[in-house]
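Here Swiss-Prot flags 1-189 as topological domain 'Extracellular', drawing on sequence analysis. Taken from Swiss-Prot, the feature N-linked glycosylation site covers Asn75, Asn115, and the record attributes it to sequence analysis. Under the heading domain 'Ig-like C1-type', Swiss-Prot lists 84-176. The feature disulfide bond is assigned by Swiss-Prot to Cys104-Cys160. Annotation source Swiss-Prot lists topological domain 'Cytoplasmic' at 211-226, citing sequence analysis.
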Amino acid sequence: EHVSVFVIFAQTHEPSGECMFEFDEDEVFHVDLDKKQAIWYLPEFGRMFSVEAQGGLANIAAAKSNLNACIQHSNHTQAPNEPPEVIVFPKEPVELGQPNTLICHIDKFFPPVLNVTWLRNGQPVTEGVSETVFLASTEFRFRKFHYLAFVPSAADVYDCRVEHWGLDAPLLTHWEAQEPIQMPETTETVVCALGLVVGLAGVVVGIVLITKALRSSPDPRARRPL
């Protein structure tokens, strides 16, 4: 089963609105409100499909007009704030000294207002960072991805700091590289030798048991040379 989602929203806080299309939970394109053009998540999508950014901008303008009308005729009771769930993980298997990307996945929050900061050893990082637009999640909530290009090191630790109206305080989600444990060459040799000895012992025991079984068999036809 495949699912496509078309998200349009307008709100009184930044970002003031968004128009985005996704397929099977992956963004296809969104409309940049400042540049007034469609931004394709992958360049290949732009060669396969045609989208008029003006249509998305018109939809956002209509949503803003409807929002103002709703505010004027409502009792001004805001929807409850839903705090986000946050996890941090690397894009690729971690190898110390090899370039990688950290992913901060922020999910199931409302409204779509976030402040996200990457920290390395407790200090803000601004280089090598990128992010998606707000994506659709379950029950009219939102999700978002923030990325950090980095080189894993045993000396560095990272945090994804998320601020949201549903949180009493900024939420820090920690990540640090776990250096793989490598056995010394001598230890590997000993383990290999022990494995060989155990294997040979198993073969010897098997031969002895088979020989005893054949000798104790009452059927003379079973007594054949090995």
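Any Cβ shown, glycine's included, is placed from N, Cα and C.
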| request: Measuring Cα to Cα, tell me the gap between Cys104 (disulfide bond) and Asn115 (N-linked glycosylation site) in whole angstrom. | output: 12
| Asn115 (N-linked glycosylation site), number of other Cβ atoms within 10 Å | 9
| said: For the domain 'Ig-like C1-type' (84-176), report the average pLDDT of the model, please. | reply: 97
| field | DSSP-derived structure type at Cys160 (disulfide bond), helix or strand or else coil | value | strand
| note | Going by C-beta under 8 A and a gap of 6 or more residues, the same-chain neighbours of Cys160 (disulfide bond) are Val86, Val88, Leu102, Cys104, Val116, Thr117, Trp118, Leu119, His146, Leu172, Thr173, Trp175
| request: For Asn75 (N-linked glycosylation site) and Asn115 (N-linked glycosylation site), determine the Cα separation and express it in whole Å. | output: 28
| note | Residue counts for the domain 'Ig-like C1-type' (84-176) under DSSP, helix then strand then coil, are 0 helix, 53 strand, 40 coil
